[in-house]
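Visitor: According to TrEMBL, the protein has these features:
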TRANSMEM  47-62  transmembrane segment
TRANSMEM  82-104  transmembrane segment
TRANSMEM  124-149  transmembrane segment
TRANSMEM  155-174  transmembrane segment
TRANSMEM  186-204  transmembrane segment
TRANSMEM  224-244  transmembrane segment
TRANSMEM  265-289  transmembrane segment
TRANSMEM  330-349  transmembrane segment
TRANSMEM  369-389  transmembrane segment
TRANSMEM  395-417  transmembrane segment
TRANSMEM  429-450  transmembrane segment
TRANSMEM  470-492  transmembrane segment
Amino acid sequence: MAITGSGSGQPQFISSTGNRSFSNAPLIENSDTNQVVVPDRRSWKNLFAYMGPGFLVSIAYIDPGNFETDLQAGAQYKYELLWIILVASCAALVIQSMAANLGVVTGKHLAEHCRTEYPRVPNFILWIIAEIAIVACDIPEVIGTAFALNMLFNIPVWIGVLLTGLSTLILLALQQYGVRKLEFLIAFLVFTIAACFVAELGYAKPDAKEVTKGLFVPELKGNGATGLAISLLGAMVMPHNLFLHSALVLSRKIPRSVRGIKEACSFYMIESAFALSVAFLINVCVISVSGAVCNSSNLNAEDQMSCQNLDLNEASFLLRNVLGKWSSKLFGIALLASGQSSTITGTYAGQYVMQGFLDLRLEPWIRNMLTRCLAIVPSLIVAVIGGSAGAGKLIIIASMILSFELPFALVPLLKFASCKTKMGAHVNSTMISVVTWIIGTLIMAINIYYLMTGFIKLLLHSHIEIVAKVFLGMIGFSGMAIYLAGIAYLVLRKNTEATHLLALTASENQQMTNEQGNGPIYSLPREDIVSMQLPQRSTPADVD
C-alpha cells in the first residue's frame, strides 16, 4: 500500500498498489537498477524519468499493418488522406493519456480494473477478446518481419515466418535487463525507422506544398477514399495498446502526493505526445513516399500495376525499380525494425492482459511461445498456400479483427477514467469526459461501419447461391446484434467497484508522513511491471 499526501489542506488518498512496504529512499541511492524513481521535486529534469512508456506504445502506430494501409493510401490518393493521420494521431494522444492516467492514479492497470469491476463471465469474455486482439496484432508483425527478411536477404516468405519464431529467444534474453533497457531499445528502433523513411523522402522528393495541403485540407473524393480513410483510422488505435500503456506507467516510483500524481500525469502526456509525434511523422513519410513514387510520370506499365494493389512486398520491388536498390534496402530495414519492436510490445501486452484478467502466474517463456505460435501458424499456412499476396491479405484481415475488438477495451477505459469512485480527485472533468466520449464514439462508429459495409459487400460480390447468401447473412447479422449488445452492456452498466482510495485529513496525512520520516512518501513500482515478469497469486500470508 502506498500513501498519497502533502502538507496542503486538500484531501489526500491512499492507493493500494500491491506493494506491502514504504520507501523514501532517494533516486540515486536505490540499489535496484530496474526501478525508476522520480525525485520529489519541482523540476523539468523529472521528465527524463518518465520517458519510455510512450515509445513502447507508439510502436503500435508504426507497425507493418499501418505501413500497408499507408502505402495504399499514398498509391491511390497521393497526399489527400494525410489529414486523416493528423486527426487520428490527436485522438490517439487523448486516449493513450487516459490509459496512462488510470494506471498512475489508481496503481492498477486496465485489465486489473476489468477483473475487479465485471462479473466472472463478462470478465472471461473480455479476456478472450483481448487475447484474440493480441494474436491479430502479432500476425502483421510476423508477416512484416518475413517480408523484411525477403527484401534484405532474399529469404522466402514462408521461411521468414518460421525465423520470426526465433525472436522469442531474444525476448527472453531481454527480460533479465528490466523495463528501462527495453524502453531504450524500442526508442532506438523507432528512431531507426524514422531515419530510414526520412532518407526515403530524400529519394522520392515529394512536393512540400502538396503534402502540407494534404495535412490541413480535408478531402474525400469517392467511395474508395472513404473506405481507405476508415481503415486508416481503424489501424491507429489498437486495443492491446490501452492495456499496455496503463501497465507500463506502473514501472515508475512516484511521490504519492496530489502534486506528484498531477505531475506524473502531465509528464506522461508530454512524453506520449513526443513519441506519438515521431510515429505521426513516420506515417506521413510512408504516405508521402508512396504518393510521390506511384504518381511519378516515368513509371512503366509493370510499376503502374504494382501501384494498383500496393502491399509491403510489392512496395520493395517498386522502390527498387523507381528509386534504386538502396531505397528498397532502407525500406526493408525499417520494416524489420517495426516488426521486431512490435513483437516485443505485443508479447508484453499479452503478459499484462493475462495477469490482469485472470490473476494468473505463467512462466514468461511459455507466454511468449504461446503468443508467437498462435500468430505463426496462420501466417505460415497462408504464406505457403497464397504466397506474398495471400500474406498481404492476411494483414488486412488482422486489421479488421482489431477494429472489431477495439470497443471492448476503449469503453471500459472511458468509463473508469470518468468514474470518481475509481479516480478520486483526478477524475476527468465534465468537459474532458464529453470530449473523450465523442472521440471514442466516433472511432467505434467508424469501425462498426467499416465492418458492416465490408460484410455486406462480401455477400453481394460473392459467387455463391442465393440461399447460402441468405443463410450467411442471418448468421452475420445475428453476430452483429450480439456484438452491439455486448458494447451496449459495457456502456450502460454502472461501475460498482471503487478503487481503494481512502480520504485522509491533512492532520492524518501529516501524522503518517512523520511516522515514515521527513522524506517524501512514494508508492513502490509494481514488481511485475518493472521486471517484465508475471506476479504470483497473492496469498493470505502476503496480505498479512
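Quick reminder: no glycine exception, Cβ is built from N, Cα and C everywhere.
Note: TrEMBL annotation is automatic and uncurated.
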Visitor: Taking the transmembrane segment (395-417) as reference, which of 224-244, 265-289, 330-349, 429-450, 470-492 has the most Cβ pairs under 8 angstroms?
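Guide: When the Cβ pairs under 8 Å are tallied, 224-244 comes out ahead.
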Visitor: Please indicate, using numbers and ranges, the residues of the same chain that are 6 or more beyond the transmembrane segment (429-450) and have a C-beta under 8 Å from a C-beta there.
Guide: 91, 94-95, 98, 227, 230-231, 233-234, 237, 400, 403-404, 406-407, 410-411, 414, 417-418, 484, 487
Visitor: When you scan the chain for residues with a C-beta under 8 Å from the transmembrane segment (124-149), skipping those not six or more beyond its ends, what do you find?
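Guide: For the transmembrane segment (124-149), the far contacts come to 60, 63-65, 67-68, 111, 114, 118, 155, 157-161, 163-164, 167, 238-240, 243, 312-313, 316, 332-333, 335-336, 338-340, 342-343, 346-347, 349-350, 353-354, 357-358, 371-372, 374-376, 378-379, 383, 388, 391-392, 394-395, 398-399, 401-402, 405, 408-409, 412, 486.
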Visitor: Quickly jot the same-chain residues contacting the transmembrane segment (330-349) by Cβ under 8 Å, restricted to those at least six beyond its ends, or write none.
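Guide: Sequence-distant neighbours of the transmembrane segment (330-349): 56-57, 59-60, 62-64, 67, 134, 137-138, 140-142, 144-145, 147-149, 151-152, 164, 167-168, 170-171, 174, 182, 185-186, 189-190, 192-193, 196-197, 199-200, 240-241, 243-244, 247, 312, 315-316, 319, 367-368, 371-372, 532.
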Visitor: Do any residues, 6 or more residues outside the transmembrane segment (82-104), come within under 8 Å Cβ-to-Cβ of it, and if so which ones?
Guide: 53-54, 57, 61, 70, 73, 110, 113, 211, 214-219, 229, 232-233, 236-237, 241-243, 245-250, 254, 261, 264-265, 268-269, 272-273, 276-277, 279-280, 283-284, 287-288, 410, 413-414, 416-417, 422-423, 426, 428, 435-436, 439-440, 442-443
